[in-house]
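Presented below is the structure to which this report refers.
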Amino acid sequence: MATERLVAGNLHNEDQELELSLRPRCLAEYIGQEHVKETLGIFIQAARERGEALDHVLLYGPPGLGKTTLAGIIANELGVQLRVTSGPALERAGDLAAILTNLQPRDVLFIDEIHRLPRQVEEILYPAMEDFVLDIILGKGPGARSIRLDLPPFTLVGATTRAGLLSSPLRDRFGINSRLEFYQVAELEEIIRRAATILQVAIEPEGAREIARRARGTPRVANRLLKRVRDYAEIRAGGVITREVAREALELLQVDAAGLDSSDRRLLLTLIRKFNGGPVGLETLAAAISEEPDTIEDVYEPFLLQMGYLQRTPRGRVATPGAYAHLGIKPEDRLF
């Protein structure tokens, strides 16, 4: 399944301990996303000097780029507590109300996958975000009554991979909107070298670059690949990650020079071989490779679009000339 892919940006269970050990705790340690860092730094400093809660922050972009890490950094920089939850975990309005009423002044509440909040939960967020009040309905039917509770000023940090799915009323209540972009190879090299130092892994500069080139512009993938290449180096190469060792390990793991794995190649080959390169509808393509449409949109497509191997058109998905070239297929070869 896509959730277990080595190069997928979503969080694996085995990633949690690794990410905690590698996660930067302040903006100065955070590598990449320079524009986001600069703007957040200004807003955080201003809120801190005024003794106010920071405006609500929406972080959006593909998975694995550091949204959760930034939420923790915001809380650390403000000197307040971080409360963490997710959209799917908040099934009832009471679940969110319990969290909100236990916040301390200026605390940061982080809601991951905020686009998956149930509507009834989302609606109690509106007055909480705008006026720092919580409206609770007691009872049912004609005898129901509403009471209003004051909340301490707080900062909501919402994270999503699909900002377009947020309702307008919710999106409009975020004062700070920051899109996280894919990382450059040089930035990923720096992240890998930092992680190698923390993990006490011997790595040469060219080894770090080889991993960075195949990490799909995503720090989470870079750290995961480093962990796997470290295992290979310890067993097959005396523990030192050189360029050749990294290349051998990643080829063994079926991660090619562009960062595509067997699942990416299967999607592109299916599009080319079965559907003549497209266009083909999302549902049809998903069925052809036995994946969920949401998985294709959230996990596969961001990187394939970024690399120019795939196009979304009004008529469906289309494989680009770049995809043919990468797979070593001539456009005329697609015809049967």
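Including glycine, each Cβ sits where the backbone N, Cα and C put it.
Since we're looking at a predicted model, the values are computed, not measured.
Same-site candidate for ATP binding, as annotated by Swiss-Prot with LEU22, ARG23, GLY64, LYS67, THR68, THR69, GLU130, ASP131, PHE132, TYR183, ARG220, chosen from ARG119, ARG173, ARG209: ARG173. Note on the region 'Small ATPAse domain (RuvB-S)' (184-254): DSSP counts are 52 helix, 4 strand, 15 coil.
In terms of local Cβ density within 10 Å, ARG317 ranks first among the binding-site residues ARG312, ARG317.
Residue pair GLY64 (ATP binding site) / ARG317 (DNA binding site) shows a Cα separation of 24 Å. Once Cβ contacts within 10 Å are tallied over all protein chains shown, the binding-site residues PHE132, TYR183 are led by TYR183. The average pLDDT computed for the region 'Large ATPase domain (RuvB-L)' (1-183) is 88. Each residue in the region 'Head domain (RuvB-H)' (257-336) gets a DSSP state, and the totals come to 45 helix, 9 strand, 26 coil.
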